[in-house]
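These come from TrEMBL:
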| type | residues | note |
| --- | --- | --- |
| COMPBIAS | 33-51 | compositional bias 'Low complexity' |
| REGION | 33-62 | region 'Disordered' |
| TRANSMEM | 6-27 | transmembrane segment |
| TRANSMEM | 86-108 | transmembrane segment |
| TRANSMEM | 114-131 | transmembrane segment |
| TRANSMEM | 138-156 | transmembrane segment |
| TRANSMEM | 168-187 | transmembrane segment |
| TRANSMEM | 199-230 | transmembrane segment |
| TRANSMEM | 242-262 | transmembrane segment |
Amino acid sequence: MTEVLVAGVIVILVSAAVTLLGVRYVASFAPGRPSGGTPSPRDLPSADAGGAAEGEQEDGGQVSVKIVEPDAAAPAARDDVLDRSLVVYAPWAVLAAVVALAVGWGVAEVPLSYQLRVALTLVLLVPVAALDVRYGVVAAPALGALLLVRAVSLAIEVTEGGPSWSSVGQEAAAAAMIGAVFGLVRLTSRAGLGGGDVLLFLLFPLLLGTRLAVTAVFVSFIVAFAYSAWALAAHRATRKDAFPLCPAVLVGTVATVLFVSLSGV
């Protein structure tokens with residue numbers, strides 16, 4: 001019982017600390033595109049950008065893009081309500097979900113390594129989603145943090161009796177398959193799927209496990225479709241607008257983890 005309680009406290013405290021770091025990370029960016037981000041196709045400057053960017057010819061013949069009106073660099077379909085929700089409310093809502101999950105995991109005696117990697121995945125998806133809405137990028141440091149989470153959880157598994165290398169192999173195979181599928185989609189379609197989105201989905205099996213990752217990705221696309229349909233019906237966006245995917249990934253993943261973990265499915 002003591003070990004279960006200690007594990008729950010560790011998960012909650014670490015998640016709270018990472019939540020605070022995520023809030024500060026998002027707030028640290030001035031208007032404009034954050035460096036280290038992986039842009040989506042929807043964010044490439046166009047000739048009719050209305051002054052949002054101006055080209056500068058360099059000696060080598062290449063054109064560099066200089067943001068001169070930072071607010072105009074945001075995605076066309078940016079929703080200020082969604083932006084505020086992700087920056088102000090989502091971090092604490094997800095942390096509350098993690099607290100509920102920690103209680104459920106304690107009852108089910110879920111290993112600490114798995115609790116941490118899932119909880120921190122949910123927490124880190126908040127700044128990923130916020131930056132996607134505000135700047136249209138999946139920030140590379142956030143992806144690196146997710147990869148670090150898996151490395152730390154693997155180290156903890158060693159203290160728990162050693163990792164199941166067969167499970168790790170299955171997760172790696174699933175990650176490769178998901179990466180290949182979405183990489184092909186990105187290359188062959190004009191759906192606006194960015195390289196950062198592909199990398200994020202590639203990491204999911206390593207972070208959530210194969211079954212939960214596949215379910216979360218599926219639910220995320222349902223959420224994305226529902227949101228885009230609502231935005232079009234409510235005239236909050238047009239068919240020409242591109243919609244950020246990561247907020248749907250956040251909602252779909254949190255909903256999937258809550259349902260599967262607390263229902264015991």
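Using the three backbone atoms N, Cα and C, a Cβ is placed for every residue, glycine included.
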Long-range environment of the transmembrane segment (114-131) - Cβ separation under 8 angstroms, sequence gap at least 6: 7, 10-11, 14-15, 18-19, 22-23, 25-26, 29, 34, 37, 83, 86-87, 90-91, 94-95, 97-98, 101-102, 105, 137-139, 142-143, 145-146, 149-150, 152-153, 156, 200, 207-209, 212, 244, 246-247, 249-250, 253-254, 257, 261
Same-chain residue ranges lying at least 6 outside the transmembrane segment (138-156) that approach it to Cβ under 8 Å: 25, 34, 36-38, 40, 112-114, 116-117, 120-121, 124, 127-128, 131-132, 163, 168, 194-197, 199-200, 203, 206-207, 246
Remote residues contacting the transmembrane segment (242-262) - C-beta distance under 8 A, at least 6 residues beyond either end: 40, 42, 75-78, 82, 86, 90, 94, 97, 100-101, 104-105, 108, 118, 121-122, 125-126, 128-129, 131-133, 136, 138, 192-194, 197, 200, 204, 208, 212, 215-224, 227-228, 231
